[in-house]
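Annotated features in TrEMBL:
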BINDING   HIS74, GLY115, HIS116, SER117, GLY147, SER148, ASN179, TYR286, GLU368  thiamine diphosphate binding site
BINDING   ASP146, ASN179  Mg(2+) binding site
DOMAIN    317-481  domain 'Transketolase-like pyrimidine-binding'
Amino acid sequence: MSKILDSIQTPADLRRMSRSDLPGLAREVREFVLNTVSQTGGHLGSNLGTVELTVALHYVFNTPHDRIVWDVGHQTYPHKVLTGRRERMHTLRQLGGIAGFPRRDESEYDTFATGHSSTSISAALGMALAAKQKGEDRKAIAVIGDGSMTAGMAFEALNNAGVPHAGVNADILVILNDNDMSISPPVGALNKHLARLMSGNFYAAAREGVKGVLKAAPPLFELARRFEEHAKGMVVPGTIFEEFGFNYVGPIDGHDLDALIPTLENLRNKKGPQFLHVVTKKGYGYKMAEADPVKYHAASGRFNPAEGFPKSSGGKPTFTQVFGQWLCDMAEADERLVGITPAMREGSGMVEFHKRFPRRYHDVGIAEQHAVTFAAGLACEGLKPVVAIYSTFLQRAYDQLVHDVALQNLPVVFALDRAGIVGADGPTHAGVYDIAFIRCIPNCALLAPSDENECRQALTTAYRRDQPVAVRYPRGSGCGAEIETGLGEWEWGKGVVRREGQRIAILAFGTLLHPALAAAEKLGATVVDMRFVKPMDEALVLEMARRHEAIVTVEEGCVMGGAGSAVLECLAAAGVTTPVLQLGIPDRFTEHGDPNKLLSMMGLDAEGIEASIVKRFASRPALAAVNG
Ligand SMILES: Cc1ncc(C[n+]2csc(CCOP(=O)(O)OP(=O)(O)O)c2C)c(N)n1
Ligand SMILES: CC(=O)[C@@H](O)[C@H](O)COP(=O)(O)O
Ligand SMILES: [Mg+2]
């Protein structure tokens, strides 16, 4: 029963509370979040780890007037609970329900939509300088995790924030939420720097000293003096953040409200770029999550908090698992293979590969741009890099794909997981643009396998090419095709007719082949598994256009610039006027929700495909004849 929490509708209520009630409130928020996620699924470890920080931030700062920007935003469930959305949290990540990330159109307290990491400092800097330009007295706070701090964009922002802009200092506070975790254990030199800051006697003394020092909550200069007292005789570590022009404070215990609140109150009154380093534990307050923060990063569905996450029920292999197995098999067969992930080892299915081939495994941190150009460098030296990257996250490395890989025609394989609708993570994670943004790049090839075995073969086909090749496949499992163990490949550039029909030919690119086959059964249509977006089997397209009254293209990607557009371009170039119906993701952002429901809403299930075809061609002799 949430006694204190029930009295909180907005942070203004929180700010009227007595400080002595805040630890109790934090306990209730943590319990509420755990119980919610146990019913809805969603991100867990990062949310449990930011409860006290969230309470302290809304207690000290005048939100929403003061802006809080949450990096990635996967840790904002406590924030949403405390900003008037508690009653709707049971709809988390469901269609029409509360989003799993901050959204400006969901709440005025969600100052910036996040989802892709490392954007918070840039956004907060914009808000801080806008306030200065408009003469508004407003703080902008970026809360960024240690994993997200490994992305170049975060350093671009630090570099820009730490110096005056035309003589104007930004009143920005960057809070580094350092839990020594990304999704996997963190990597890179920054992690070592942070560890040094935490492991020095300074932090230990500060943890002790802070309790005494902060009781009276002296002004910051007094606080600093007393820190100095405690730090006397110790090497107070210089930090990279001070080199960027920030006043660095910390590290302090991010679960101790007696440390957080006075420190934040002092920093609130400080002008110019401030940097607070808080140390938290991912999964704090829930023993199973504390013990295994990798596993408890997110819950895929319901679980009993008393028992923890249920054992995975096995079932059909996911495309991710098919990739992970293929990667190990191909690495076994070819010592030139190296596997690269930008901080998504588990999500991309590379845990086994890391175990078996540690020297050929590279987790580069949340650094997609670096991952792609790093792969290019490896390829220059004759190795065969495979970059495992979610379709949506490849968007961040577009210039590197064009300039560093394609322009030099380097043999890099891009395993594009989460291509298409992803579901609960919503629009920020939908992988629906890769067909459009890859097919227009010279030298690049793009393969769209329709099932798990096709995916394995597509990966082998891609790997054996001497050019950049991307293979796109969706989140989750497919139709459950039998998967070979060999390393067979496709005939390059060739599609395959899967169903002979009449009057109408459906050209499917990827896993939507299966609803297309079902629709074709009702319509008597031909169905082609095109396999290749680029190089597309143009001879087959022209043959289909000549042999049928109408062409339908189906893809789980944006219609604009997608594979259907490639078919149109092919027909136009050949002067063929067969009408074409393009089915795919419409020109609007997708919502969060059940992926099958979302596909059905877009008319991309069997019924929808059939209905679209009937609607478009009902008046044409083609269909009339087919409908008999
Ligand atoms: C550009 C981008 N790449 C990858 C991800 C996937 N991702 C989400 S959270 C996360 C780890 C973030 O670590 P950290 O910032 O330390 O937050 P924590 O989970 O530890 O609270 C990653 C890699 C992402 N959201 N955005
Ligand atoms: C917050 C974030 O970006 C990741 O945790 C992402 O939600 C993972 O997505 P999957 O669940 O599809 O691996
Ligand atoms: Mg972290």
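Backbone N, Cα and C atoms are what each Cβ position is placed from, and that goes for glycine too.
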Tell me the Cα distance separating ASP146 (Mg(2+) binding site) from HIS74 (thiamine diphosphate binding site), rounded to the nearest angstrom.
14
ASP146 (Mg(2+) binding site) and GLU368 (thiamine diphosphate binding site), distance between Cα atoms, whole Å:
16
Out of HIS74, HIS116, which of these binding-site residues shows the lowest number of other CB atoms within 10 Å of its CB?
HIS116
The domain 'Transketolase-like pyrimidine-binding' (317-481): mean pLDDT?
98
Give the distance between the Cα atoms of ASP146 (Mg(2+) binding site) and HIS116 (thiamine diphosphate binding site), rounded to the nearest whole Å.
14
Radius 10 Å, atoms counted are CB only; among the binding-site residues ASP146, GLU368, which position scores highest?
GLU368
Does anything in the same chain, at least 6 positions from ASN179 (thiamine diphosphate binding site), have a Cβ under 8 Å from its Cβ, and if so what?
SER46, GLY49, GLY145, ASP146, VAL279, THR280, LYS281, LYS282, PRO293
Taking a cut-off of under 6 Å between Cβ and any atom of ligand 2, tell me which of the binding-site residues HIS74, HIS116, GLU368 pass.
HIS74
Around the C-beta of GLY147 (thiamine diphosphate binding site), how many further C-beta atoms are within 10 angstroms, looking at every protein chain?
30
Listed thiamine diphosphate-binding residues HIS74, GLY115, HIS116, SER117, GLY147, SER148, ASN179, TYR286, GLU368 - what's their greatest C-alpha to C-alpha distance in Å?
32
Filter the candidate list HIS74, HIS116, ASP146, GLY147, ASN179, GLU368 of binding-site residues, keeping only entries whose CB is under 6 Å from an atom of ligand 3.
ASP146, GLY147, ASN179
